[in-house]
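J.: I'd like to ask some things about the structure below.
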Amino acid sequence: MKRIAVLTSGGDAPGMNAAIRAVVRQAISEGMEVYGINEGYAGMVAGDIHELSARSVGDIISRGGTFLCSARYPEFAKLEGQLKGIEQLKKHGIEGVVVIGGDGSYHGAMRLTEHGFPAIGVPGTIDNDIVGTDFTIGFDTAVTTAMDAIDKIRDTSSSHRRTFVVEVMGRHAGDIALWAGIASGADVIVVPEEDFNINDVVDRIKAGYDKGKKHSIIVLAEGVMPAAQFAEELKAAGDTSDLRVTELGHIQRGGSPTARDRVLASRMGAHAVKLLKEGRGGLAVGIRNEQMVENPILGTAEEGALFSLTTDGKIVVNNPHKADLELADLNRNLSI
């Protein structure tokens, strides 16, 4: 394989630039040419493709976001969109593609491989909800950003003896809430993976004030419900504290990536190139117990594949990701 391309797709995540840099420089070290595709699959279909050099990716390792830009492009799920994208790849002489993004991006990589263009998925999302890997690119930075924000909220919360409900991102996963909540000493963490009783939350907050606490922090994963609605339910259940709501929002997707995300992205990007060099495709890279691994994107659960097809052609997730609820138990023991 002599010429490959790299793209970022879906929501951006800190560390994507570090992954792009690793793909480009590892490929050049392997004697390959590298092309960048702007704005994900939309750019592929539009032919927005250009050659990258080692200098093209200089000084981007510390930058958040993705300098190739990203976009959601549902049209690529259709055969017509895939064929248009493949036409552009052929036009530029591209033989393989590295796709950095979430599970939707992986589906596109799988389709490219089926059409004869080996593609490797690299997990880039702050949500940490991709199967086949312990951690995704961007998660550590998002947790650090959320922790820093909660630390600041704690300052004002304690000054006014208030209860704060802090909503963090994560889509349907509670990883950011759990990690940021524990790191910031939250009193209560509420995640989608665990049932909760609103009356128990009220009792826990009241018990804290009765023990002499001056404030309370509740970290809420966005996949549970909006923070404003959660606050209303707290009041309806009898909470009498001075309650405030903060939604951290997209600040969690920005900012300079942490050292861990930079190193993780560099390792994953380089590993993806090595797989393409071997002519392999239809795989997603990941990290398990600090070691690089790869899994088939599509297949059976027994084969270790991330996704499988039902008899009616629908894509389903094998062994869906769930946040580590041992962390939830840990927080309940520590937040007394």
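Positions of Cβ are set from backbone N, Cα and C atoms, glycine also.
Sharing the feature lines straight out of Swiss-Prot:
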ACT_SITE  D127  active site, proton acceptor
BINDING   G11, R72, Y73, G102, D103, G104, S105  ATP binding site
BINDING   R21, A22, V23, V24, R25, R154, G185, A186, D187, K211, K213, K214, H215  ADP binding site
BINDING   D103  Mg(2+) binding site
BINDING   T125, I126, D127, R162, M169, G170, R171, E222, R244, H250, I251, Q252, R253  substrate binding site
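Can you tell me where each of these features sits in this structure?
T.: When secondary structure is read from DSSP and collapsed to three states, D127 (active site, proton acceptor) falls in the coil class. Within 10 Å of the C-beta of D127 (active site, proton acceptor) we count 27 further C-beta atoms, all protein chains included.
For R72 (ATP binding site), the same-chain residues that are 6 or more apart in sequence and have a Cβ closer than 8 Å to its Cβ are S9, G10, G40, G104.
Other C-beta atoms found within 10 angstroms of the C-beta of V23 (ADP binding site) number 31, with every protein chain shown included.
Listed in sequence order, D129, I130, V131, L306, F307, V317 are the same-chain residues six or more apart from D103 (ATP binding site) with CB atoms under 8 A from its CB. In the three-state DSSP classification, D103 (ATP binding site) falls within a helix.
Note: M169 (substrate binding site) has non-local neighbours I126, D127, A142, I176, E222, L248, G249, H250, Q252, R253, i.e. same-chain residues 6+ apart with C-beta under 8 A of its own C-beta.
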J.: At the level of the C-alpha atoms, what whole-angstrom distance separates D187 (ADP binding site) and G102 (ATP binding site)?
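T.: Here the two Cα atoms lie 31 Å apart.
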J.: Within 10 Å of the Cβ of I251 (substrate binding site), how many other Cβ atoms can be counted across all chains shown?
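T.: So the Cβ neighbour count for I251 (substrate binding site) comes to 14.
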J.: Out of R21, R25, H215, R244, R253, which of the binding-site residues has the smallest number of neighbouring Cβ atoms within 10 Å?
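T.: R244, out of the binding-site residues R21, R25, H215, R244, R253, has the fewest neighbouring Cβ atoms within 10 Å.
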J.: Which of these binding-site residues is closest to G102 (ATP binding site) if you go by CA atoms: R21, R25, R171, H215, I251?
T.: R171
J.: For G185 (ADP binding site), which of the binding-site residues Y73, T125, R171, R244 has the nearest Cα in space?
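T.: Given the candidates Y73, T125, R171, R244, the nearest one is R244.
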J.: Please report the DSSP secondary structure of M169 (substrate binding site), reduced to three states.
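T.: In three-state terms, M169 (substrate binding site) counts as coil.
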J.: Sorted by position, what residues of the same chain at least six away from T125 (substrate binding site) have a C-beta under 8 A from it?
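T.: Once residues fewer than 6 apart are set aside, T125 (substrate binding site) is near G10, G11, A13, G101, G102, T136, I137, G138, F139.
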